[in-house]
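Here is what TrEMBL records for this protein:
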- 76-397: domain 'Aminoacyl-transfer RNA synthetases class-II family profile' (DOMAIN)
- 146, 147, 148, 176, 190, 194, 334, 338, 339: L-histidine binding site (BINDING)
(Lines of atoms letter the chains of each structure in order from A and count residues from 1; the text may use other names and numbers.)
(Lines give C-alpha, C1' and ligand atoms only; values in the text may rest on other atoms or scores of the structure.)
Protein backbone atom coordinates (compact mmCIF):
# COMPACT_ATOMS: atom_id res chain seq x y z
CA UNK A 1 0.00 0.00 0.00
CA UNK A 2 1.03 3.64 -0.23
CA UNK A 3 2.22 5.61 2.77
CA UNK A 4 2.85 9.30 3.16
CA UNK A 5 6.25 10.54 4.44
CA UNK A 6 6.78 14.09 5.63
CA UNK A 7 10.31 15.32 4.90
CA UNK A 8 11.56 18.77 5.83
CA UNK A 9 13.71 20.63 3.35
CA UNK A 10 15.67 23.84 3.85
CA UNK A 11 14.16 27.00 2.32
CA UNK A 12 16.95 29.27 3.49
CA UNK A 13 19.81 29.11 5.93
CA UNK A 14 17.44 28.79 8.86
CA UNK A 15 13.98 27.75 7.48
CA UNK A 16 12.59 24.33 6.56
CA UNK A 17 9.54 23.39 4.47
CA UNK A 18 7.67 20.08 4.76
CA UNK A 19 7.35 18.07 1.56
CA UNK A 20 5.04 15.10 1.10
CA UNK A 21 6.59 12.04 -0.47
CA UNK A 22 4.70 8.94 -1.55
CA UNK A 23 6.57 5.69 -1.37
CA UNK A 24 5.74 2.02 -1.29
CA UNK A 25 6.43 0.59 2.13
CA UNK A 26 5.47 -2.60 3.88
CA UNK A 27 3.12 -2.15 6.79
CA UNK A 28 2.78 -4.64 9.59
CA UNK A 29 -0.54 -5.72 11.06
CA UNK A 30 -0.19 -3.15 13.81
CA UNK A 31 -1.18 0.35 12.58
CA UNK A 32 1.55 1.92 14.72
CA UNK A 33 4.47 -0.14 13.38
CA UNK A 34 5.76 0.85 9.95
CA UNK A 35 8.57 -1.22 8.42
CA UNK A 36 10.73 0.82 6.07
CA UNK A 37 13.27 -1.03 3.91
CA UNK A 38 16.93 0.07 3.92
CA UNK A 39 16.78 2.24 0.80
CA UNK A 40 17.29 5.83 -0.32
CA UNK A 41 14.61 8.50 -0.55
CA UNK A 42 14.52 11.55 -2.76
CA UNK A 43 13.86 14.89 -1.10
CA UNK A 44 13.34 18.20 -2.80
CA UNK A 45 15.14 21.43 -1.91
CA UNK A 46 13.68 24.80 -2.84
CA UNK A 47 15.91 26.97 -5.06
CA UNK A 48 15.98 30.77 -4.80
CA UNK A 49 13.92 30.99 -8.00
CA UNK A 50 11.15 28.87 -6.51
CA UNK A 51 12.05 25.63 -8.27
CA UNK A 52 13.12 22.41 -6.68
CA UNK A 53 16.21 20.30 -7.03
CA UNK A 54 16.37 16.65 -6.10
CA UNK A 55 18.91 15.33 -3.61
CA UNK A 56 19.81 11.89 -2.37
CA UNK A 57 19.19 11.09 1.26
CA UNK A 58 21.66 8.43 2.41
CA UNK A 59 20.24 5.29 4.03
CA UNK A 60 20.40 4.96 7.78
CA UNK A 61 23.69 3.46 8.96
CA UNK A 62 23.13 0.49 11.20
CA UNK A 63 25.06 -0.18 14.40
CA UNK A 64 26.69 -3.14 12.71
CA UNK A 65 28.03 -0.90 9.92
CA UNK A 66 29.47 1.53 12.48
CA UNK A 67 31.45 -1.33 13.99
CA UNK A 68 33.14 -2.11 10.67
CA UNK A 69 35.14 1.15 10.50
CA UNK A 70 38.90 0.70 10.12
CA UNK A 71 40.51 2.33 13.14
CA UNK A 72 43.95 2.44 11.50
CA UNK A 73 45.12 5.62 9.71
CA UNK A 74 45.32 5.47 5.87
CA UNK A 75 48.19 3.37 4.54
CA UNK A 76 51.49 5.20 4.74
CA UNK A 77 50.31 7.74 7.34
CA UNK A 78 50.62 7.91 11.12
CA UNK A 79 48.79 8.81 14.28
CA UNK A 80 50.71 10.67 16.97
CA UNK A 81 49.50 9.56 20.41
CA UNK A 82 51.12 11.39 23.36
CA UNK A 83 54.25 9.20 23.56
CA UNK A 84 54.95 9.67 19.83
CA UNK A 85 54.07 13.35 19.99
CA UNK A 86 56.66 13.87 22.72
CA UNK A 87 59.30 12.32 20.47
CA UNK A 88 58.18 14.41 17.49
CA UNK A 89 58.36 17.61 19.52
CA UNK A 90 61.82 16.65 20.78
CA UNK A 91 63.06 16.14 17.22
CA UNK A 92 61.42 19.28 15.85
CA UNK A 93 62.80 21.35 18.71
CA UNK A 94 66.31 20.27 17.70
CA UNK A 95 65.57 21.20 14.07
CA UNK A 96 64.34 24.63 15.12
CA UNK A 97 67.04 25.32 17.69
CA UNK A 98 69.83 24.51 15.22
CA UNK A 99 68.22 26.77 12.62
CA UNK A 100 68.05 29.63 15.11
CA UNK A 101 71.67 29.05 16.16
CA UNK A 102 72.60 29.79 12.55
CA UNK A 103 70.44 32.92 12.41
CA UNK A 104 67.60 31.56 10.24
CA UNK A 105 63.97 32.72 10.48
CA UNK A 106 61.03 30.32 10.46
CA UNK A 107 58.45 30.31 7.67
CA UNK A 108 55.62 28.05 6.54
CA UNK A 109 53.31 27.58 3.56
CA UNK A 110 49.92 25.98 2.82
CA UNK A 111 49.91 22.18 2.75
CA UNK A 112 47.60 22.54 -0.27
CA UNK A 113 49.13 24.22 -3.34
CA UNK A 114 48.29 24.47 -7.04
CA UNK A 115 49.28 21.31 -8.88
CA UNK A 116 51.22 23.28 -11.50
CA UNK A 117 53.66 24.50 -8.83
CA UNK A 118 55.11 20.99 -8.55
CA UNK A 119 54.69 19.77 -12.12
CA UNK A 120 56.44 22.80 -13.59
CA UNK A 121 59.43 22.27 -11.33
CA UNK A 122 59.78 18.47 -11.34
CA UNK A 123 58.13 17.56 -14.65
CA UNK A 124 55.06 15.53 -15.53
CA UNK A 125 56.55 12.37 -13.96
CA UNK A 126 55.83 13.81 -10.51
CA UNK A 127 52.08 13.67 -11.21
CA UNK A 128 51.99 9.94 -10.39
CA UNK A 129 53.35 10.69 -6.92
CA UNK A 130 51.04 13.58 -6.08
CA UNK A 131 47.94 13.54 -3.95
CA UNK A 132 46.08 15.80 -6.35
CA UNK A 133 42.48 16.58 -7.25
CA UNK A 134 40.18 19.20 -8.72
CA UNK A 135 38.54 21.39 -6.08
CA UNK A 136 35.00 22.79 -6.23
CA UNK A 137 36.27 25.84 -8.09
CA UNK A 138 37.59 23.57 -10.87
CA UNK A 139 41.20 24.28 -9.83
CA UNK A 140 43.84 21.56 -9.93
CA UNK A 141 45.44 21.39 -6.48
CA UNK A 142 47.82 19.02 -4.70
CA UNK A 143 49.12 18.24 -1.23
CA UNK A 144 52.73 19.41 -1.25
CA UNK A 145 55.28 16.61 -1.84
CA UNK A 146 58.12 18.94 -0.74
CA UNK A 147 58.69 22.51 0.44
CA UNK A 148 61.12 24.10 -2.05
CA UNK A 149 58.54 25.05 -4.74
CA UNK A 150 56.45 26.84 -2.10
CA UNK A 151 59.58 28.65 -0.95
CA UNK A 152 60.26 29.81 -4.53
CA UNK A 153 56.67 31.03 -4.85
CA UNK A 154 56.95 33.02 -1.63
CA UNK A 155 60.28 34.58 -2.62
CA UNK A 156 58.78 35.74 -5.94
CA UNK A 157 55.69 37.03 -4.14
CA UNK A 158 57.81 39.09 -1.72
CA UNK A 159 59.98 40.45 -4.51
CA UNK A 160 62.05 43.49 -3.57
CA UNK A 161 60.21 43.99 -0.27
CA UNK A 162 62.74 41.67 1.40
CA UNK A 163 66.48 42.24 1.68
CA UNK A 164 68.95 39.63 0.52
CA UNK A 165 70.33 37.30 1.61
CA UNK A 166 67.35 35.45 3.03
CA UNK A 167 68.04 32.75 5.58
CA UNK A 168 64.80 30.87 6.11
CA UNK A 169 63.83 27.49 7.57
CA UNK A 170 60.63 25.46 7.78
CA UNK A 171 59.41 22.21 9.33
CA UNK A 172 56.36 21.04 7.41
CA UNK A 173 54.30 18.00 6.50
CA UNK A 174 54.72 16.61 2.97
CA UNK A 175 52.74 14.04 0.99
CA UNK A 176 54.02 11.74 -1.74
CA UNK A 177 52.29 8.64 -3.09
CA UNK A 178 55.13 6.17 -3.62
CA UNK A 179 56.27 2.71 -2.64
CA UNK A 180 56.88 2.47 1.08
CA UNK A 181 60.16 1.16 2.47
CA UNK A 182 61.97 1.49 5.76
CA UNK A 183 62.16 5.20 6.51
CA UNK A 184 59.84 6.12 3.62
CA UNK A 185 56.16 6.88 4.17
CA UNK A 186 53.49 8.57 2.11
CA UNK A 187 53.41 11.44 4.55
CA UNK A 188 56.35 12.78 6.45
CA UNK A 189 57.63 15.94 8.04
CA UNK A 190 60.60 17.72 6.52
CA UNK A 191 63.10 20.21 7.89
CA UNK A 192 64.29 22.67 5.26
CA UNK A 193 66.96 25.35 5.53
CA UNK A 194 67.55 27.66 2.56
CA UNK A 195 69.79 30.59 1.68
CA UNK A 196 68.56 32.95 -1.02
CA UNK A 197 70.91 35.50 -2.57
CA UNK A 198 74.41 34.07 -1.95
CA UNK A 199 76.23 32.77 -5.08
CA UNK A 200 79.38 31.58 -3.28
CA UNK A 201 79.99 28.03 -2.06
CA UNK A 202 80.13 29.41 1.49
CA UNK A 203 76.35 29.02 1.51
CA UNK A 204 76.49 25.25 0.88
CA UNK A 205 79.32 24.95 3.41
CA UNK A 206 77.20 26.58 6.11
CA UNK A 207 74.17 24.42 5.33
CA UNK A 208 76.21 21.23 5.73
CA UNK A 209 77.64 22.67 8.96
CA UNK A 210 74.11 23.14 10.32
CA UNK A 211 73.24 19.48 9.64
CA UNK A 212 76.48 18.35 11.32
CA UNK A 213 75.55 20.52 14.32
CA UNK A 214 72.18 18.76 14.51
CA UNK A 215 73.81 15.33 14.35
CA UNK A 216 76.18 16.19 17.17
CA UNK A 217 73.31 17.44 19.34
CA UNK A 218 71.46 14.11 19.09
CA UNK A 219 74.58 11.97 19.61
CA UNK A 220 75.41 10.95 16.04
CA UNK A 221 79.09 11.00 15.04
CA UNK A 222 81.13 11.06 11.83
CA UNK A 223 81.61 7.30 12.18
CA UNK A 224 77.82 6.85 11.98
CA UNK A 225 76.97 9.27 9.17
CA UNK A 226 78.73 10.98 6.28
CA UNK A 227 78.00 13.30 3.36
CA UNK A 228 78.53 12.42 -0.28
CA UNK A 229 79.31 15.59 -2.21
CA UNK A 230 79.50 16.37 -5.93
CA UNK A 231 78.32 18.98 -8.42
CA UNK A 232 75.74 18.94 -11.19
CA UNK A 233 78.34 20.79 -13.24
CA UNK A 234 80.42 17.59 -13.30
CA UNK A 235 77.66 15.75 -15.13
CA UNK A 236 77.10 18.73 -17.44
CA UNK A 237 80.78 18.75 -18.42
CA UNK A 238 80.74 14.99 -18.99
CA UNK A 239 77.66 15.13 -21.20
CA UNK A 240 79.19 17.97 -23.17
CA UNK A 241 82.40 15.98 -23.56
CA UNK A 242 80.56 12.96 -24.97
CA UNK A 243 78.27 15.00 -27.21
CA UNK A 244 75.03 14.36 -25.31
CA UNK A 245 72.40 17.04 -26.09
CA UNK A 246 71.70 19.59 -23.34
CA UNK A 247 67.98 18.83 -23.41
CA UNK A 248 68.64 15.32 -22.07
CA UNK A 249 70.33 16.61 -18.92
CA UNK A 250 67.28 16.40 -16.65
CA UNK A 251 66.39 12.86 -17.74
CA UNK A 252 69.99 11.69 -17.33
CA UNK A 253 70.10 13.12 -13.79
CA UNK A 254 67.02 11.11 -12.81
CA UNK A 255 68.63 7.93 -14.18
CA UNK A 256 72.05 8.52 -12.60
CA UNK A 257 70.33 9.14 -9.25
CA UNK A 258 69.29 5.46 -9.33
CA UNK A 259 72.87 4.13 -9.44
CA UNK A 260 72.77 2.64 -5.94
CA UNK A 261 69.14 1.57 -6.24
CA UNK A 262 69.05 -0.59 -9.40
CA UNK A 263 71.61 -2.80 -11.26
CA UNK A 264 74.16 -1.13 -13.55
CA UNK A 265 72.74 -2.96 -16.58
CA UNK A 266 69.37 -1.30 -15.92
CA UNK A 267 71.10 2.08 -15.72
CA UNK A 268 72.75 1.48 -19.09
CA UNK A 269 69.45 0.35 -20.57
CA UNK A 270 67.66 3.50 -19.40
CA UNK A 271 70.48 5.71 -20.66
CA UNK A 272 70.22 3.97 -24.04
CA UNK A 273 66.51 4.72 -24.20
CA UNK A 274 67.33 8.44 -23.96
CA UNK A 275 69.47 8.16 -27.09
CA UNK A 276 72.91 8.01 -25.44
CA UNK A 277 75.25 5.57 -27.19
CA UNK A 278 76.55 2.46 -25.44
CA UNK A 279 80.13 3.77 -25.54
CA UNK A 280 79.12 7.14 -24.08
CA UNK A 281 77.17 5.37 -21.31
CA UNK A 282 80.21 3.23 -20.47
CA UNK A 283 82.51 6.25 -20.26
CA UNK A 284 79.95 8.25 -18.32
CA UNK A 285 79.49 5.56 -15.66
CA UNK A 286 83.25 5.04 -15.43
CA UNK A 287 83.87 8.71 -14.60
CA UNK A 288 80.92 8.84 -12.20
CA UNK A 289 82.45 5.99 -10.19
CA UNK A 290 85.54 8.02 -9.17
CA UNK A 291 85.86 8.91 -5.52
CA UNK A 292 88.57 11.59 -5.51
CA UNK A 293 88.81 15.10 -6.91
CA UNK A 294 92.25 14.37 -8.41
CA UNK A 295 90.87 11.44 -10.40
CA UNK A 296 87.94 13.57 -11.51
CA UNK A 297 90.26 16.33 -12.65
CA UNK A 298 92.21 13.81 -14.73
CA UNK A 299 89.01 12.45 -16.26
CA UNK A 300 87.69 15.89 -17.18
CA UNK A 301 91.03 16.95 -18.60
CA UNK A 302 91.48 20.07 -16.53
CA UNK A 303 90.28 22.13 -13.61
CA UNK A 304 86.88 23.38 -14.66
CA UNK A 305 84.28 25.30 -12.68
CA UNK A 306 82.96 22.12 -11.04
CA UNK A 307 86.40 21.19 -9.71
CA UNK A 308 87.00 24.73 -8.40
CA UNK A 309 83.67 24.75 -6.53
CA UNK A 310 84.32 21.36 -4.96
CA UNK A 311 87.86 22.22 -3.88
CA UNK A 312 86.55 25.40 -2.30
CA UNK A 313 83.87 23.43 -0.42
CA UNK A 314 86.35 20.92 0.98
CA UNK A 315 88.61 23.76 2.07
CA UNK A 316 85.69 25.45 3.87
CA UNK A 317 84.77 22.13 5.51
CA UNK A 318 88.12 22.20 7.30
CA UNK A 319 87.47 25.74 8.53
CA UNK A 320 83.97 24.82 9.75
CA UNK A 321 85.43 21.73 11.41
CA UNK A 322 83.57 18.93 9.66
CA UNK A 323 86.07 17.68 7.03
CA UNK A 324 85.88 14.13 8.45
CA UNK A 325 82.15 14.06 7.69
CA UNK A 326 82.33 14.65 3.91
CA UNK A 327 83.65 12.73 0.91
CA UNK A 328 83.57 13.23 -2.83
CA UNK A 329 81.31 10.95 -4.88
CA UNK A 330 80.78 11.87 -8.54
CA UNK A 331 77.63 9.71 -8.78
CA UNK A 332 75.67 12.01 -6.46
CA UNK A 333 73.47 14.19 -8.68
CA UNK A 334 70.11 14.25 -6.81
CA UNK A 335 67.03 13.33 -8.82
CA UNK A 336 65.27 16.69 -8.78
CA UNK A 337 65.69 18.62 -12.00
CA UNK A 338 66.26 22.07 -10.55
CA UNK A 339 69.75 21.61 -9.02
CA UNK A 340 72.49 23.54 -10.82
CA UNK A 341 75.73 23.21 -8.80
CA UNK A 342 76.95 21.59 -5.59
CA UNK A 343 74.78 18.68 -4.43
CA UNK A 344 75.09 16.57 -1.29
CA UNK A 345 73.46 13.67 0.54
CA UNK A 346 73.70 12.52 4.13
CA UNK A 347 74.07 8.75 4.35
CA UNK A 348 74.23 5.97 6.93
CA UNK A 349 77.79 4.54 6.82
CA UNK A 350 76.50 1.02 7.47
CA UNK A 351 74.35 1.29 4.35
CA UNK A 352 71.17 0.01 6.00
CA UNK A 353 69.07 3.11 5.34
CA UNK A 354 68.19 5.33 2.41
CA UNK A 355 69.50 8.92 2.22
CA UNK A 356 69.00 10.76 5.52
CA UNK A 357 68.93 14.20 3.94
CA UNK A 358 69.99 15.97 0.76
CA UNK A 359 70.27 19.31 -0.92
CA UNK A 360 72.27 21.59 -3.14
CA UNK A 361 72.28 24.71 -5.27
CA UNK A 362 69.29 25.75 -7.40
CA UNK A 363 70.21 29.08 -9.00
CA UNK A 364 67.64 28.87 -11.81
CA UNK A 365 64.52 27.71 -9.97
CA UNK A 366 62.73 31.08 -9.73
CA UNK A 367 62.66 31.61 -13.49
CA UNK A 368 60.75 28.32 -13.77
CA UNK A 369 57.86 30.18 -12.16
CA UNK A 370 58.27 33.42 -14.07
CA UNK A 371 60.47 35.23 -11.55
CA UNK A 372 63.97 36.63 -11.81
CA UNK A 373 66.62 34.08 -10.97
CA UNK A 374 68.44 34.58 -7.67
CA UNK A 375 71.33 32.41 -6.42
CA UNK A 376 69.94 29.92 -3.92
CA UNK A 377 70.69 26.67 -2.14
CA UNK A 378 69.08 24.57 0.55
CA UNK A 379 68.42 21.09 1.91
CA UNK A 380 65.56 18.84 2.96
CA UNK A 381 65.79 16.57 6.00
CA UNK A 382 62.93 14.13 6.64
CA UNK A 383 61.79 12.91 10.04
CA UNK A 384 61.40 9.21 9.19
CA UNK A 385 64.96 8.04 8.36
CA UNK A 386 66.61 9.91 11.23
CA UNK A 387 64.25 8.25 13.72
CA UNK A 388 65.17 4.84 12.28
CA UNK A 389 68.87 5.71 12.64
CA UNK A 390 68.45 6.93 16.21
CA UNK A 391 66.63 3.69 17.07
CA UNK A 392 69.44 1.70 15.49
CA UNK A 393 72.04 3.56 17.58
CA UNK A 394 70.01 3.43 20.78
CA UNK A 395 69.90 7.23 20.88
CA UNK A 396 66.16 7.83 21.13
CA UNK A 397 65.41 9.47 24.48
CA UNK A 398 62.84 8.10 26.91
CA UNK A 399 60.40 10.97 27.09
CA UNK A 400 57.74 10.62 29.77
CA UNK A 401 54.91 12.94 30.62
CA UNK A 402 55.97 15.40 33.30
CA UNK A 403 53.66 17.54 35.43
CA UNK A 404 54.84 19.75 38.26
CA UNK A 405 51.72 19.60 40.40
CA UNK A 406 48.74 17.34 41.06
CA UNK A 407 46.02 19.38 42.79
CA UNK A 408 43.28 17.44 44.55
CA UNK A 409 40.30 18.43 46.71
CA UNK A 410 39.81 16.17 49.73
CA UNK A 411 36.12 17.02 49.84
CA UNK A 412 33.66 17.31 46.95
CA UNK A 413 32.57 20.72 48.23
CA UNK A 414 36.16 21.96 47.87
CA UNK A 415 36.37 21.33 44.12
CA UNK A 416 36.02 25.06 43.49
CA UNK A 417 38.80 25.80 45.97
CA UNK A 418 41.03 23.27 44.21
CA UNK A 419 40.33 25.06 40.90
CA UNK A 420 41.43 28.33 42.56
CA UNK A 421 44.72 26.70 43.64
CA UNK A 422 45.30 25.26 40.17
CA UNK A 423 44.71 28.64 38.53
CA UNK A 424 47.10 30.37 40.95
CA UNK A 425 49.87 27.89 40.11
CA UNK A 426 49.23 28.09 36.37
CA UNK A 427 49.39 31.88 36.59
CA UNK A 428 52.91 31.42 37.97
CA UNK A 429 53.85 29.31 34.94
CA UNK A 430 53.62 25.90 36.61
CA UNK A 431 52.00 22.86 35.04
CA UNK A 432 49.02 21.47 36.95
CA UNK A 433 46.97 18.30 36.59
CA UNK A 434 43.74 19.10 38.45
CA UNK A 435 41.79 16.07 39.70
CA UNK A 436 38.31 16.84 38.37
CA UNK A 437 36.35 14.19 40.27
CA UNK A 438 36.17 12.84 43.80
CA UNK A 439 38.79 10.11 43.84
CA UNK A 440 40.33 8.00 46.62
CA UNK A 441 43.90 8.93 47.58
CA UNK A 442 45.21 5.62 46.26
CA UNK A 443 44.00 6.65 42.77
CA UNK A 444 45.55 10.12 43.18
CA UNK A 445 48.97 8.70 44.07
CA UNK A 446 48.85 6.33 41.10
CA UNK A 447 47.95 9.23 38.86
CA UNK A 448 50.85 11.28 40.26
CA UNK A 449 53.27 8.44 39.51
CA UNK A 450 51.89 8.00 35.99
CA UNK A 451 52.37 11.67 35.06
CA UNK A 452 55.68 12.01 36.96
CA UNK A 453 54.32 14.77 39.17
CA UNK A 454 56.84 16.62 41.32
CA UNK A 455 54.45 17.27 44.16
CA UNK A 456 50.92 16.76 45.39
CA UNK A 457 48.86 19.77 46.54
CA UNK A 458 45.89 18.80 48.72
CA UNK A 459 42.98 21.09 49.56
CA UNK A 460 41.41 20.06 52.90
CA UNK A 461 38.50 21.70 54.66
CA UNK A 462 40.28 22.76 57.87
CA UNK A 463 43.43 23.97 56.10
CA UNK A 464 41.45 25.90 53.48
CA UNK A 465 39.47 27.71 56.16
CA UNK A 466 42.84 28.92 57.50
CA UNK A 467 44.00 29.94 54.01
CA UNK A 468 46.39 26.98 53.75
CA UNK A 469 47.00 23.99 51.49
CA UNK A 470 48.95 20.79 52.20
CA UNK A 471 51.94 19.99 49.98
CA UNK A 472 53.71 16.64 49.60
CA UNK A 473 57.00 16.52 47.66
CA UNK A 474 56.81 13.12 46.02
CA UNK A 475 60.53 12.54 45.48
CA UNK A 476 61.47 13.02 49.14
CA UNK A 477 58.19 12.47 50.97
CA UNK A 478 58.50 15.90 52.63
CA UNK A 479 55.14 17.36 53.72
CA UNK A 480 54.21 20.86 54.83
CA UNK A 481 51.41 23.41 54.85
CA UNK A 482 51.67 26.78 53.14
CA UNK A 483 49.53 29.80 52.37
CA UNK A 484 48.23 29.87 48.80
CA UNK A 485 49.99 33.18 48.01
CA UNK A 486 53.29 31.70 49.20
CA UNK A 487 52.96 28.52 47.16
CA UNK A 488 55.75 28.62 44.57
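The count begins at 1 with the first shown residue.
Note that Cβ sites are derived from N, Cα and C of the backbone, with glycine treated the same way.
Residue 190 (L-histidine binding site) is surrounded by 22 other CB atoms, counting those within 10 A of its CB over all protein chains shown.
Comment: L-histidine site residues 146, 147, 148, 176, 190, 194, 334, 338, 339; largest CA to CA distance 21 Å, whole number. Around residue 339 (L-histidine binding site), taking its Cβ as the centre, 22 other Cβ atoms fall within 10 Å, counting all chains.
The predicted model assigns the domain 'Aminoacyl-transfer RNA synthetases class-II family profile' (76-397) a mean pLDDT of 89. Under 8 Å, Cβ to Cβ, and six or more positions away along its own chain, residue 146 (L-histidine binding site) finds 118, 174, 176, 190, 380.
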